[in-house]
Amino acid sequence: MPGGALGPLVPADLRCLSGAGAEPPEGSAGAVRALSARLLGLAGDPARDPDPAVYLALRLAREHDPQLEQRYLERLQDAFQQPFGRSTAEPPQTGRLALYLLGLQATCAPLSPQRSLVTWLKYYLEEDWTGSRQQGHPITSYYQYGLGVLALCVHHKRVREEVVRRLLTAQHRGKLGHSGNTVDTEAVLALAFTCLERRRLVGTELVAELQVAAHEASKNMAKAQGPDGVIGNIYSTPWALQVFLATGECQTEPAFGQAMAALLENLEAFGTAATMAQALPVLHGRSYLDIASMRCGEEPDTLTPLDMEPLAEVPGNKKVQLVVECPLPWCYELRLYDRLVPVPAAASLLDVLQAAAALEPRDFRFHTQDTPQGPFLTEVLGLEARQEKRNYWQILTAPSTPLQMGIADYRPQDGETLILRLSEW
């Protein structure tokens, strides 16, 4: 069944790469194909929990393994069989359900089995907001909230004006988050705005506001670009590229080519299924808005899974200097922790944190939150980063270089100093 019955969301004359083939950037086809094959290999591992973002990346690629993709879809459907419901004990599952619905639309399957899930997503969008009405932001995050609006739009469902204005207000007032997180969030919102505007799922007056907001987001992406071409951080760069692709500004915005070059130069940083799933759609010249205009049965069955090679064991040990800083107004003393932590030579930053907690459980403790991109540092020494306080735990390599990788992926060098700093956004 064709998935484009509702019409493409990205007009052909706005595409930066070839609309039908979505060719990878010149000279990069081999690397992009290898990354697709590695993600396919990870998707075929039954020991890994299925992730709707991984399925989306597989479906938006140029080459496919239809049988493996179908098996992965069945695993996803099994994982989402549990009934959704009203729970005050847990936050709404806005982002998770939104990604799943986007994945279902990418299958071009009939819409009837999804109606109850669409209804639940609408409920979560309301519950997500009313649960924190006093703070004036979603319980989950603007990122998840924006994904929810995008999923409804791709399914051609109208969204209440009040819901859309919550996102417009947050963008206008700069309440979306910190550094790379801001790029991710504003990019998701820009995709949702562009979808709503092109689908005409809102009133005429709001359409004009959405056009302006999407253009503003694109300008903000360009302003956030560093001299190395990275926008925010290396993992937020693919989200920014999705915005340029979806709005068509990739044709005129120099930041697009520079960011794409930076992404290709740093493909080794995308070593997990979740991070590969972030990078691959834009490497194939596509954004999440292309989901609604896909055609089933036209994909070439030419991709073979590539098994990931296990990380080579590195003999010996190393020592990493771990520093925790908490400036005013949150703490009176800037440096709260400063220790040399011995770890195996192949240890990641997450391993370093765990080793420090094991060595000095009274002096060092931390908590993380699981995200699609891996564990995210939320609390150190009992100090929790909170959205309403507009702060977060920034990680730097001494003296002042922000870390561009996740704590589970980054492997510090022997003698390196890492700083965990409670920072304001």
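Here the Cβ of each residue, glycine as well, is placed from N, Cα and C on the backbone.
Taken from TrEMBL, the feature cyanocob(III)alamin binding site applies to T140, S141, Y142, Y143, Q144, D184, N233, Q278, L403, W425. Residues or ranges marked as disulfide bond in TrEMBL: C153-C195.
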Separation of alpha carbons, L403 (cyanocob(III)alamin binding site) and C153 (disulfide bond) (Å): 34
Packing count at Q144 (cyanocob(III)alamin binding site) (other Cβ atoms within 10 Å of its Cβ): 24
Inter-residue Cα distance where the pair is C195 (disulfide bond) and L403 (cyanocob(III)alamin binding site), in Å: 33
Least Cβ-crowded entry, counting other Cβ within 10 Å, from the recorded positions listed as C153, C195, L403: L403
Residue, out of the binding-site residues T140, N233, whose Cβ gathers the largest set of other Cβ atoms within 10 Å: T140
Cβ neighbour count (within 10 Å, all chains shown) around Y142 (cyanocob(III)alamin binding site): 24
